[in-house]
Structures are given as C-alpha cells and as structure tokens.
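As annotated in TrEMBL:
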- C:314-562: domain 'ABC transporter' (DOMAIN)
- C:285-307: region 'Disordered' (REGION)
- C:7-26: transmembrane segment (TRANSMEM)
- C:62-84: transmembrane segment (TRANSMEM)
- C:90-112: transmembrane segment (TRANSMEM)
- C:124-142: transmembrane segment (TRANSMEM)
- C:175-196: transmembrane segment (TRANSMEM)
- C:208-234: transmembrane segment (TRANSMEM)
- C:254-278: transmembrane segment (TRANSMEM)
Amino acid sequence: MSDTAPESDTIVSVQGLHVSYGRVQAVRDISFDVPAGAVVTLVGANGAGKTTVLNAVAGLVKPRAGTVLYRGRDVTRWPAHKLVAAGMVLVPEGRQILGTLTVAENLQLGGWRRRKASAAAIDEMYERFPVLAERRNLRAGSLSGGEQQMLAIARAMVARPQVILMDEPSMGLAPKMVDEIFGVIETVRSSGVTVVLVEQNARRALRAADTGYVLETGTLAHSGPAARLLKDPRVVQAYLGVE
Amino acid sequence: MLQQLANGLFAGSIYALFAIGFTLVFGILRHLNLAHAAIFTTGGFLSVDLISRQGLPIWLAFPLVMLAGGLIGLLLERIAFRPLAGRPDEHFAGLISSVAFGGMLIALVQARYGTEQQSISSEAFPNEVYTVAGVSISLAQLTTLGLALVLMLGLAWVVAATPLGRAMRAVAENARAARVLGINVERVTASTYALSSALGAMAGMLMVLNVGQGDLGMGLAIELTGFAVIILGGMGSLWGAMAAGLILGLAEALTIHHIGSSWKDVVAFGLLFAILLVRPQGLFGTIKAREV
Amino acid sequence: MFAGYESLITTMALTGILAFSFHVVLMAGQLSLGQAGFASLGAYISTLVVPETPLFGGLSPVLVGIPVGMAVGATAAFVLGLPVMRLRGVFLAIATIAFAEVVRILMLNAEWTNGARGLRLERWVTPELAWFVLAILVYAFWRLGPSRIGRAFAAVREDEVAASSMGVDVARTRMTSFVASGAIAGLYGVLFAYFVRRIGPSDFGFSMMLDGLVVAVVGGFLVFFGPLLGSAFITMVPEVQRAAGLEAGWIHPFVTGALLLVVILLLPGGLSSIAGYLHGRLRRSPPPAPSTGPRAGNEPPELPELPAADTPVLTLNGVGKDYGGVHAVHDVDLELRAGEILGVIGPNGAGKTTLVNMISGHVAPTSGDGHVLGRKLGAAGGAHRVARAGVSRTFQHSKLFDRLSVLENTLVGTHLVSKPTFVRRLLWLPSARRDENRAVSQARRQVQRVGLADREHVPAAQLSYGDQRRLEIARALASHPSLLILDEPAAGMNRVEAAELSELIRSLAADGVTIMLIEHNVHMVLDTCTRVVVLNFGEVIASGPPQVVASDPQVIEAYLGSDETGREHV
C-alpha cells in the first residue's frame, strides 16, 4: 500500500500545491512532508495561506495543481468524508463545534463512520477530558472557548485518526487555556497520532513541533527543524517586519 | 360541533404530514421545495392506481407509495437542487427548478391518468363507520389519523435518535463542520429529500383515502395550507409543523362551523400573517429563524 | 397585420408586464410574491370606479383605469410593506403569497366583485396598447439601470451591509422597489381585466404568481430586457409545440417544465445572459469616456470641505461590546484627529473588527459612549446615517458587489455625493446627463487613484485579490469621506503591493482624509501610520508612535505568543 511513498515513514506528503479562489491565488507551490508520529507546524501571519493549505489537504477545497499523498496514495481529489474514513481528520479553524447539539452528540458525530467502535472511543475521551464528561448533556454552544476547543479535538479523536490536522487551536483563547490546549496536543501526539498544526502563535507552535514551515503571502519562506526556526530572526521578521 | 372538530382533526393530520416533509427540507437544507405539492398529488394518483386499478390490498399500497415518493425525492434532489449548489442565485434558482420539476411531474401524472378526477373504488376500503358520543368516524379517517401520527413520530424519532438524524442536524447547523466530521453531506441531503418526499406522497395517499378521490389540483390547495402550517409551527421545526397542522385543521373546522366554509382559508392566512409579523420563529419554533 | 395572432401577441406583452412587477423586486434582491394580490386589487377597484363606457366621448376605460390601478397597487404595496418589509428571504416570500391569497378569498366573498362568477367587461386592450405599455416599461427600466436609484437597487441586492455603509438607505430602497412592483402589478391587473373580458378572483391566484416569477427569472433579472425575453420564451413554447404537432395535453406542460429546468440549470443569469454574451460590451453601454478638455459636467461634483487638520474626528470613552457575556471589546478610550493615520493592530480575535463595526454604525456598543463626526455612537438610524456623517469603510472579508463592474461598484460609492437622476433620465434632461457624468468622473478619479483605470469594466468577482482590496478602497473613497476606515486592506498582498498601498494611504492623508487602518501586516502599519494602537483581548495594551509600539515587549508577546509557559497576561 505504501510502496509509492517517497519515504517509508512519511505519512502525508504535499507536492507543488497551488490553490486559487476564483482568480485569487491563495497558495503557490507549497511542498512539505509529514513524518509519521511527528508534529509538523505551519506558521505565518494572517493571510499567509496556512488555513488554505490545511483545507486543501483535508479535501475541503480543490487545489488547482499539485498532489497530496496520504500513506502513499494520491488523495488529492478525495472528498473530505472519504479522507476522514481513511484516518485523516481536520479540527477546523474557529472550532466549528455544533452549538445546538449536546456535547455527547458532538462526540457521537465524530464517530459517525464507525458507530460500534466509537462508544469506547467516546468513553476514552471523557476520561481524558473530565470537563466534557461533566457537561455531556449540555448544549455545546454553552461551553467556554477553551472547552469548545477541547471538544473539537476530542471529537476528531473519536474517529481514531492517524493524522490530525489542527487549524489555529489557540485562537482567541486566554494564555492559560492556550497552555492547556498545547498540553492536549502533546497527549495526542504521545498516543501515536501524527499532528499537522497551523498556528499564529509561532513560538508555542514551534516549541511543540519537530519540524516547522514558515509561510509568507502564500509561499513557503523558510523551513527546518522547529528548534532552529525558533531562534531564527527571519521568523520574527515574517510576523512583525522588524528585526 | 364535535363532529366538525373530529373532521378538523383528521384533515389537520394530513396537513401536518404534508407540512412536516416540507419543513424538514427547509429546516435541514434551507431549500423551499415547491415540488412537494406535486409529489403529494403523485402519491394520491398512484394510490388510486395501485388500489383500484391494480387491485393491490391497501396495506401493500402504503409502503409502495412511500417507496415511490422516496425515489421521486432522490430524483428531485439530483435534478433540481444538486446542480445549483454553491451558485450565488441558488435560492431563486431552487424555487424555479423545483417549480419546473413539479410541473413535469404533474404532466406525467396527467399523461397516465388524464385530467379527470380519479375515484377510489368503494370496496377498496371497508366502509365502516363508528359512532362515539354522537360523532361518526369512518375507518378511513381513523387509519389516516393513526398512520399520520405514526409516520410523524417516526420521523421525529429518526431525526432525534438515529445516526442519520444526528448527521442531518449537523448538516442543518453547519454543513462545513459536518463535512469535516466525515459526514457525506451529499448523501445526507439526498436522504433528507427521500424522507421528505416519501411523507409527502403518503400524505397524498391519505388525502385520497379520506375524500375518496384525487384530482390534479389537489396539490395546489394543500401547498398554500402547507405554507401556513410551517410558518405557524416555525420554519424547520418538526414538532411545530405537527402541532400547527392539527391546530390549523381544528381552526378551519371551527371557522366553517361559525362563519362559513368560504372563509376558512382567511383564518389560515390571517394566522400566518399575524405570526410572521409578531413571532417569525413560529409558535413552537426553537430554531432561531434564519434569514435566507 | 396580426390576423389570427392578436391574442397571442397581446398575451406576450401582458406576460412581460407581469414579469416586470417581479423584475423590479428581484433587481433589489427581494423575493416578494404578492403581485397577484396587487393586480387583483388594481383590477377590481379600477373596474368598480371607472365607468364602462368611454369618458368624454373617446377616452377608453382602460386608459382611465391604468392610473387608478397603478395607484391602488402602489398604495396596497406601501400599506403591506410597512409591516412585511422587515422580513427577508423566504419569509417575505411566504408573507406576500399569504397576502395574495387573503385578497383572493376576500374578493371571492365580497358582493361587489360578484364572487366566483366574476365580472364581465368589454375588451378595450388592443395588441398595440399592450405593446405600447410594455415598451414604456422597457424604456423606463433601461433608464433605471444606470441611474442612482438603479444602482442602489443593485447594491442592496448584492450586499445590504456594504450598501448601507455607502450611505444607501436600505429600508427605503427596498420599500421603493416594493411599491414600484405594486404599481406595475396594478397596471397589469387593469390591462388583464380589459383584455380577458371576464375576471374572477381565482384568476389572480398562485399560478399567476408562478407565471410572473418564472418569466422574470427565466428572462433574467439583471438586465432590463429580461422580462421581454422571458415572456417571448414562455409564450412561444406552446406555439412551437403546436406547430410541431405535439398537442397531447400533457406534453405541453412537460416540455415547458423541462425547458424551464434547462434554462435555470444552464443559464444562471437567465436567457438574457445569452443576449449579453452575444452583444458583449454593448450590453453595459459604458458611460462616456472622460473628455480631455474641461467641459461642463466632467468635473467631479462639488464636494464639501473635509474637517480642518487637528479637529477631533472620533472620540471613544470607555466603549465596550459584550456578546452574551464575552467581552469582544472592553473599555476602549481613543481619540482621533483630522489628518492622522491611526494604525490598529492586534492578533486574531483581539476585537479590531468589532471596534470598527461600532464606529461605522453596524453594531451598537453595550457600554461607554463615543462620537464620530458629531454623531453619537449607537444612535438610531442605521449605518447609512453614519456614512452620511462622513465615515466610509472597507471590510475585512471583501464585500464588493460581485456582479457589478469596477466602475459600477465605485459609482455606488458616489451615492452620497451625487443626485437622484432617474426621473430626469426618463425625460432625457441634460442636467441628468451632467449629474451622471459628474458621478462617473468622481468614481473614475477614485478608480485611477487606486490604479485600476485599465480594468474599470471588469466585474468585481473577476479581479485578483489585491485588486479587489484596491477596489474596495476606491469605492469607499467615492463618497468623499472625512474618516476612512480600512479593515485589513493588505491581507494577502505581497510586499510590493503592500508598499504601494502604504503609499496610497499616505497620499490620501495628505489630501486631508483621516484614516484608521486595521491591519495584520505590522510592517506596513509601522511604515504608514502616524500613531499605532494595539488591541489584545478587546483591550488597548499599547499606544503611541510606531517605533515605540514595535519595540514594546508586550506587543511582541501578543503577536508571537508568550515566551514562558503559563505566564499570565496583565
């Protein structure tokens, strides 16, 4: 199955990705590899195209050119629901929890594809996030921002993914909550799930990641081991434009 | 008086069954499906055909009519709504394309059955009449009420408690989030149309059983009543449609009794109007009325 | 010359007139479907009050009936509109359908209408009359399109929020289209009554509504001759079928339905989009090119003086906005003086856009108070009043009028500095041409200012992202604002484009426009602004000259995330 993979341990490989909205080119020629079990982060200022890349990988937008390989298979034109079934799940920007449904129903929807197995997975999530267990019968919209983000991640984990794509999980959260979310990301990773993380909070993201890619206005500006990027003044420049 | 109320209740259960399918599609997909009335008519004619011409027993005709309705619903979604997805004028266009589909459907019904009224043979259904407290109730009426209630409760159960229902509610709230969760939004959309249309066709069958005949104009009359029901109950609210259908049936019966039959529709539309202005989310609407 | 076809030809014209009563509301984006009710009222009341025999020896009843019917239809629409114009989308559609049904039932039960038996009338409508009336409508709609009110219709249809921030009074514009629809429907009712010779209440029912809607949409409601095409199509289909020998009762409605489906699925703009395609540029006759010499009417309109430098433009005292307990903006104090370029930066979710929405009147503050150009924040009246006071803005998520060209978008922006022209355009008064030219030259100047002069006839949806942002600025400038608020104008621009934008902003400030720039591109903000305010979690965390703010450790932290884990914000 994985005989066409560029590297045996590469689980997601993006090659020459171009995405346009109408005539507007949002992403130009982006390539990167995600090793299985790693945390890879895409950082960059607002409008740099990070979310677009993630949406293209998750099958929500169709790229104009380029390929996305998942476990060696070309999944570029796959619809989102098929990718979820194959084990690649997106935690979208702004969380997108279903506010009028209960916490429990949100989690059940995460296991929509495998109804039988999901009960166990949901119990596991309640164990890992006791706050969700407490509120399981409340409408998800009544949770705080941080709890909603936990729900969104837990909901994705119910599908027992191999790769989880996270879009700005710390957005709009208070610093304390941000810490907690990054703790969650750490446990996700330690359970063997590969994480692709898109973040504006570059320092935190690079600290949590193995490899980092810096996006600037739709193109790849820098890449390398996260620890090195963390010290690279050019990264700061990509954000603030000052040294 | 009591007799009138009983009749109102039976009519109301058909209104409710018709409207619940109508409102289901609106609630989940925000489409106003103007072909629903044509499916209702088709269901009515089909049941006359199956029962009177083919001689099928009535209990066999029920599932067949529902099945046919469901298939037409799939076709409707495929032909008239799916190609419009994502277009900026999706809303106007969906109204027109569903009108077009409905017109074609009625034309096909006309091709097979002509423009004459179709009566259901009197021996098709045991013509028993019970008298309870001075109110005479026919077996057909009882069956109508019972079936309508069972089907509506069944739908409510599907939406509230099954995986498909959860997926439908997810799509209703946020189609994008639903897609992210791995829900096949296209399939849920098609299922919604199938369910809605199966109920619409069934409502047509019950109408024919109740009045003994079907005609090509039967859809038009109930379409307008259906608007009143879904507004009264709250656009997209299933329980609302159920309650509002029954209320409207009763209100009509009372109007006929006290004022005269020619005014019954004024009550329906007057009520609709008042509700829209005072409480656009409907009497029972819990879903916030979204502007489309 | 119409021998044998009088009826068909008249029907075609009448159907076109009915379709115009739908066209005018669809043009303004309103799904209003009560036209059959207006037509019914118009027909019945005019036949009631107009004598059956020619007046003054020769004036046929229909000619007297037309103004009566139009007045009745318009009045009914106005009275109905007062309550129902609050509704939108399908809710408006169903309310208006219900109105038409109530009218039908009332007419059915009234004595003077003769109930279901209907009224008998003489036929006074000739094919010539019907086509004459239709021609007048086509003419009027042709003149309407490029007039100020026509542009307001299009703006409301494309985006109400953007329209209101151009100073278009959305409620009034919607009502205008609604009343016009009532008048045309009343007109149709009268013509219909004097054509079919026998009217009953059920003639004005659901199917009349469907006919009108279908013809209007099939013809296309973006172009003035849409109803004409739609009517020709719908009227001719049965004729063609008859000629082809397809006469079985069901074939006609089936083929009509199928054709309708094909048109709606394959031609989003209706039949007129084919015509538009064939005619190419002829469709939108471009306004006259600016002449080189100074000629009357080619100079921009007289524009009011901008506030003198250093007078206060905006003052906020402890302004805040809560969304259900969440502080989107909290206790913000701010003063902005004429001539300044104020940069507002802060991470995602910091409350920048909420702040802008409060200033532009789209959102009312929940605490504190403030004034912008003499208007109190949150005062009643809506965003168009704030625009009238001199505030103009762009939107973070571009709210261009997608189907309109660059120049047309910008012309909507001139709403506040131009004069109504529709009535004068109908009469071809030179002053209308002059005013239109002034508006065009004001718009064109802005288009040139942002560097889009070579693309002025391109629809907004087809522009590149950077050009769309530029067009938004041009459109906002067209109203000659005292305060221009730019919400993330450089998002998605590369360095070169951002530098050009920065230069443009500074030149605007040099012209006396006060600017508030909300931006993520910090580099550009530092380059452009005279003063910078940093928001985080809805509060101002730093404020001052650009260089001071940029080296503030709190600011760097807000942008890049905290250095230490668990460190709390102050």
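Glycine is treated like the rest: Cβ placed from N, Cα and C.
Are these features on the surface or tucked inside, and what touches them?
Across the domain 'ABC transporter' (C:314-562), the model assigns an average pLDDT of 87.
Listed by sequence, the residues of this chain that lie at least six past the ends of the transmembrane segment (C:62-84) yet keep a Cβ under 8 A from its Cβ atoms are 34, 37-39, 41-43, 45-47, 49-50, 55, 92, 95-96, 99, 124-125, 129, 133, 175, 178-187, 189-191, 193-194.
For the transmembrane segment (C:90-112), the residues of the chain that approach it from at least six positions outside its boundaries are 30-37, 40-41, 44, 48, 80, 84, 201-202, 204-206, 209, judged by C-beta separation under 8 angstroms.
When Cβ-Cβ distances below 8 Å are used as the criterion, the transmembrane segment (C:124-142) is approached by residues 2, 6, 9-10, 13-14, 16-17, 20, 23-24, 60-62, 66, 184, 187, 191, 194-195, 224-225, 227-228, 426 of the same chain, each at least six residues removed from its ends.
Within the chain carrying the transmembrane segment (C:208-234), a Cβ under 8 angstroms from the stretch's Cβ atoms is held by residues 12-13, 15-23, 26-27, 33-36, 39, 97, 100, 134, 137-138, 141-142, 144-145, 256, 259-260, 263-264, 267, 269-273, 275-276, 283, 403, all 6 or more beyond its ends.
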Would you kindly list the residues that approach the transmembrane segment (C:254-278) from elsewhere in its chain, counting only those six or more residues past its ends and only Cβ-Cβ distances under 8 Å?
214, 217-223, 225-226, 229-230, 233-234, 237-238, 241, 246
